[in-house]
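Going by TrEMBL, these are the annotated features:
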DOMAIN    16-72  domain 'FYVE-type'
DOMAIN    17-67  domain 'B box-type'
DOMAIN    100-197  domain 'PH'
Amino acid sequence: MQNAELGKRAPRWIRDNEVTMCMKCKEPFNALTRRRHHCRACGHVVCWKCSDYKAHLEYDGNKLNKVCKDCYHVIIGCTDSEEKKRKGILEIESAQVSGNSVICSFLQYMEKSKPWQKAWCVIPKQEALVLYMYGAPQDVKALATIPLLGYTVDDTPRSADLPHSFKLTQSKSMHSFAADNEELKQKWLKVIHLAVKGETPECQNE
């Protein structure tokens, strides 16, 4: 939603299950100390610390509503220059890169001997040689990034692996991924085979 419309129209609410962390301070949610709250101006899911502001919202008859810090500053017309500081590499929002990506989908991910876990994986167009991993599609900070250049791809699953899995290895680091089906696995492999050689892959999202 554009800043000019904040508070004038009801926002589209991001669903609770689309995020695993506060969309403002990026702290992970948990049931006890960090519960999910919605900013009534932008619809983002935020923690209690980041929703501890109130502003009069036009669409709600100018009643006072809970809003996040960013919307509060916009609605009362104050800018916070510190908020403009450059975002780090992991702080590129998932929704931002997913909407302009070569490929994105959920994949199962395993590192070393840890258990398999679900991750929202994205290769953005502007960084087509880097794989970003998020906890959920709307998260505002990546859990990890893998620069793909120079990795070796192994697409034959061992008996202990999930059926549609593949591995990326480089010297001592190994990352295992598994898609939900063979078609999705092949789409990812098509992109990754090019990226590891430093070639920009074609978009697979259409």
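Each position is counted from 1, following the chain as shown.
A Cβ is built for glycine as well, from the same backbone N, Cα and C atoms used for every other residue.
Predicted automatically and left uncurated, TrEMBL annotations should be read as such.
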PLDDT averaged over the residues of the domain 'FYVE-type' (16-72): 88
For the domain 'FYVE-type' (16-72), residues assigned helix / strand / coil by DSSP: 13 helix, 18 strand, 26 coil
For the domain 'PH' (100-197), the number of residues DSSP places in helix, strand and coil: 17 helix, 43 strand, 38 coil
